[in-house]
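S.K.: Right, I'll just put the structure down here and ask away after.
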């Protein structure tokens, strides 16, 4: 298996992936809006919203694959960055409600009026402006990841210990956001959104546009990840994953590399969360639940870590299964099924769906080229000792 | 102690009175050793003599409890971490060959090249002709040109050892620390490795830890025998191997 073939195969799956996402991003909203409701090819609005959720999950999975698949950082708290991005967007949406809230207060969101708050806390300032909220979607998760990573990576916290503290981080945030006096709506979180950039969030057109935007974000996120992992920096990340101390002895500042991808990854997760919130219409502290982050890691494992395409595919496949199974009589057993899926994939498909497929494709291709070169050599009357494996 | 502005010694590497203990076990005990620029030194000694610990101290992996470790006469290595020490120009080959198994031979060398290793530089890295030529030269030196596109993990044990030496060459350090380069090699490979190290020594200062006495003899350089974390004997291979104490603790009668 030569690396050339490997990159070519990755390029092939990357091209297919991008084409499929782009096609979905264009065709699904068009079919939803233009075709008459109830016709065979029309995608109903509830499905647009549901699939939009999957696309956001795919972005989250991509961000986890970037750090776990390529740099060996297993974050079991990535849901925290997703939720923080979601809260930043939720705060913008809350400020857009204005006087249409139950209490009709033009500045304070309902829950603050309910808590008898006199004025808006300082950390809510600026969220009435979309550009500011959009910036915070990147800055808040990015800054938390940067500070957290700076402390953790500099102290050389790695492996399972890092996973545990990321889990603790998301749990701490869960507890904090549950508190009413923390100022983010406590248990209920942020909901009852009215409009985004002046468009009604419930309207079909808005939902279709949000779906298209999510697909666009997935494409951009994928291209950024591809650019990172196929650069020389990507090779350094793999080196860190496979032999961290060796990389240090070559003169690479490993903690800077980890900090870089961890922060990029957190920003991506934040964007995923921000697109998720207007599509599901609510953000509450349960998004910080440690279980969510673990589930996201399972998506990546199922799809194939270190393949990017696999991570996105895994997120969609597992969540489709989740929707399918949790809506029937099998609902109480979903967590057992998820656990079993994880164990089966680890045992039988350790490379995940895409990783296994790529390995199979490469080996069959290798056989074909080997056969071709042997027959060519036989014609020339020389034997070529090429790729003896 | 101000060593940053005055050159305290002409030595490339200067260890004086170094002590390290792990949970009361004295791994390194009052170790003093100097390596002149351009020198090649073979380090021998029984298991547990502190050979690998000494390399750990020089490369910043282990901090000594006391003592002086100076590089190039000016730099106090005990205050720096692995990355900084590698940047200064000290390269290390590990006892167990440690190459990046899931990457190609060529990429292993590319990663080792002593270019700007900052995050920004590697992210926006574009290959240059000069770099490609350097990699080609190293591949030729370590006889792996044919295998350049193979994954490092698929190489034989001896080839991995060479690839790691090649990575040291690509790193082009002032001082090379080579830990057991011929462990597990065939006689022919051992001979070729000795030739390779002698070639490398023409332009670099080298410290080799090795158990294989035939190999050490073939290198034909000054030998230091360590025992219980301190220098037991030093001199030519003949002087050291006829030393009573060395025979007693290491070579056997």
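All residue numbers here begin at 1 and follow the chain in the order shown.
Note: Cβ is positioned from N, Cα and C throughout, glycine not excepted.
Pasting the relevant annotations from TrEMBL:
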type	residues	note
TRANSMEM	A:14-35	transmembrane segment
TRANSMEM	A:47-70	transmembrane segment
TRANSMEM	A:76-94	transmembrane segment
TRANSMEM	A:129-153	transmembrane segment
TRANSMEM	A:160-178	transmembrane segment
TRANSMEM	A:208-229	transmembrane segment
TRANSMEM	A:256-277	transmembrane segment
TRANSMEM	A:297-321	transmembrane segment
TRANSMEM	A:333-354	transmembrane segment
S.K.: Count the Cβ pairs between the transmembrane segment (A:297-321) and the transmembrane segment (A:129-153) that lie under 8 angstroms and are 6 or more residues apart in sequence, then report whether there are at least 3.
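M.R.: Result for the transmembrane segment (A:297-321) with the transmembrane segment (A:129-153) is no.
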S.K.: Would you kindly check A:14-35, A:129-153, A:160-178, A:256-277 and say which stretch has the most C-beta pairs under 8 angstroms to the transmembrane segment (A:47-70)?
M.R.: A:256-277
S.K.: Mind pulling out the one from A:14-35, A:76-94, A:160-178, A:208-229, A:256-277 with the most Cβ pairs under 8 angstroms to the transmembrane segment (A:129-153)?
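M.R.: Selected stretch: A:256-277, with the most Cβ pairs under 8 Å.
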S.K.: Can the transmembrane segment (A:256-277) be said to touch the transmembrane segment (A:14-35) if we require at least 3 CB pairs below 8 Å and skip pairs under 6 apart in sequence?
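M.R.: No, since the transmembrane segment (A:256-277) and the transmembrane segment (A:14-35) share fewer than 3 Cβ pairs closer than 8 Å, they do not count as touching.
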S.K.: Mind checking which residues reach the transmembrane segment (A:208-229)? Cβ under 8 Å, same chain, six or more beyond either end.
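M.R.: For the transmembrane segment (A:208-229), the list is 14, 17-18, 21-22, 24-26, 28-29, 32-33, 48-49, 51-52, 55-56, 58-59, 62-63, 65-66, 70, 199, 237, 261, 264, 268, 271-272, 275, 278-279, 308-309, 312.
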